[in-house]
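Here's what TrEMBL has on this protein:
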type	residues	note
REPEAT	5-38	repeat 'TPR'
REPEAT	73-106	repeat 'TPR'
DOMAIN	130-167	domain 'STI1'
REGION	191-223	region 'Disordered'
COMPBIAS	194-203	compositional bias 'Low complexity'
COMPBIAS	210-219	compositional bias 'Basic and acidic residues'
REPEAT	368-401	repeat 'TPR'
REPEAT	402-435	repeat 'TPR'
DOMAIN	502-541	domain 'STI1'
Amino acid sequence: MSDSAVELKNKGNAAFSAKNYEEAVKYFTEAIALQPNEHTFYSNRSACYSALDQYALALEDGRKTIQLKPDWSKGYLREATALLNLNNAKDALVAVNKGLELEPSNKQLQDLKEDIQDDLNPPKGLFGPDTLVKLAMDPRTRDFVSQPDFVKAIQEIQADPKNLGKHISDKRITAAMGVVLGINLSTAGDGDFGFDQQQPGQQSSYQEPPKPKPAEPKPKPAPVVVEVTEGQKEREKGNACYKDKKFEQAISHYDKAYELDDKDLLSLNNKAAVYLEMGRVQDCIDLCKKATERASELRADYKIKAKILTRLGNAYMRSTPPQLDDALKAYKSAIIEDKNAETMANVSKCEKLKRERDEREYINPEKSAEAKNQGNEHFKKGEYPEAIKCFEEAIKRNPSDHTIYSNRSACYSKLGEYPLAVKDAEKVIELAPTFIKGYIRKGSALFAMGEYQNTLEMCDQGLRIEEDNKELTDLSQRAIFAINRKQSEMSDEERLQDALKNPEIAEILQDPIMNQILKDMQGNPAAVQEHLKNPGVRAKFEKLVKAGVVRLGR
């Protein structure tokens, strides 16, 4: 790990400890740019995103951690945490189990698994699905079943047993508990359930109670009728017009609904949706702002406020150009009111677009050239980390300039960070396939890593562009010498095993024609010469010779 990357990681850890999560994300992102294959950087950034409630991004980094280091339990911890918060407990359990297979004693994974199982298996409540039927059949609670507020309370407790505390003061709920439990809670005192405790040696004073007289039948309660207001009727008419794309009529009905009931925020929100559908983006934005202010005045339901704020964010995104900063602010406000997967996805999408916009706006070829020149001066003085920082700034200012990647590749090679040198050289070749230094940079880094076969391949590619290039010719000869020296110390079997580590060699050996040539070499040399007239076959044969699979002149 390079000194620069370690420094950035330490800064990120310090920012995370101080709960400066956005700053920590910035440092870990810069560290990843320096060393993109270091799994701990992605893991730490995933933790930051989770702390910021940006779980879609946390999931992406968690999975990248696993991809880079599948035998590290913390990657599965990051993935499972993000999945659970994205309301995907089933997949979260799969991830956490994989982590526990690697590290069964990991306390964080164990605790997270308990949370996931609680989410998947919520505790069964006092009132089961047949509760209302039982209550309707019992004379003590029969009348309650026709009372909407009682039914609603039972349903709330069924949905979440914790709601029992909210309704426990309601005597009807107490009576219902007695029916369900089979005891009379209305006469129960502390420590008893409606009967006297018999003292030792005392005869029971229990007497058969007189049979009650049959109760007179009570008239059945009238069915509860939910009243629909005139305002709601107008809103429904507006909804019907909206579905039929009769937008002007829909607006008229929504206006009428709000005139009849100025607390009907859904009418405002639906009208804003019509504006957005009509392309009247600014009208939609203005109306959503008005609805948001009204929602605050009314202390409206948080879900309604979240809907309005999400609509506001959508309108900002539909602006020309998209108002990404305002959209992101609206979406984040919506999440505070009601965190759900859809709004989280909107935040992630908006943040991605904002990053891309900021990168585009940062481009300035003139300032890029200044940073590049500063990097070159540092390179000449042997100040390679400082040179890398300058080249990074130059790349941000002009990411299409292949020469900057070439210079940074040279710096990485000087620091012994050969994988990063290879990556930058590949970017050079991608941007400028005929720029010979890209092949020299990559070939030299591969040679330093001991990947002599790949070095030869890179030299061959470069020499096809500039056949007399001395650096590539010398590098090719050094690679051949290194291969021969290495192979001379190996048995035939070891040499073959070493060659098969190269996927291209392994693929060539699976070619039926090449297999036939290798067989013909022993008894039919003329057939071999015939095969080698084919340029493609000849190129493959030469690769086998260079790899030491085929040895000539023995």
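Placement of Cβ uses the backbone N, Cα and C atoms for every residue, glycine included.
Taking Cβ pairs closer than 8 Å, the repeat 'TPR' (73-106) reaches residues 39, 43, 46-47, 49-50, 53, 55-56, 58-59, 61-63, 65-66, 112-113, 115-117, 119-120, 340-341, 344 in its own chain, all 6 or more past its ends.
Sequence-remote contacts of a segment are chain residues at least 6 beyond its ends whose Cβ falls under 8 Å from one of its Cβ atoms, and for the repeat 'TPR' (402-435) they are 2, 34-37, 368, 372, 375-376, 379, 382, 384-385, 387-388, 391-392, 394-395, 441-442, 444-446, 448-449, 465. Residue counts of the domain 'STI1' (502-541) by helix, strand and coil are 33 helix, 0 strand, 7 coil (DSSP-based). Mean pLDDT of the predicted structure over the repeat 'TPR' (5-38): 87. Secondary structure of the repeat 'TPR' (73-106), assigned with DSSP and counted as helix (H, G, I), strand (E, B) and coil, comes to 27 helix, 0 strand, 7 coil.
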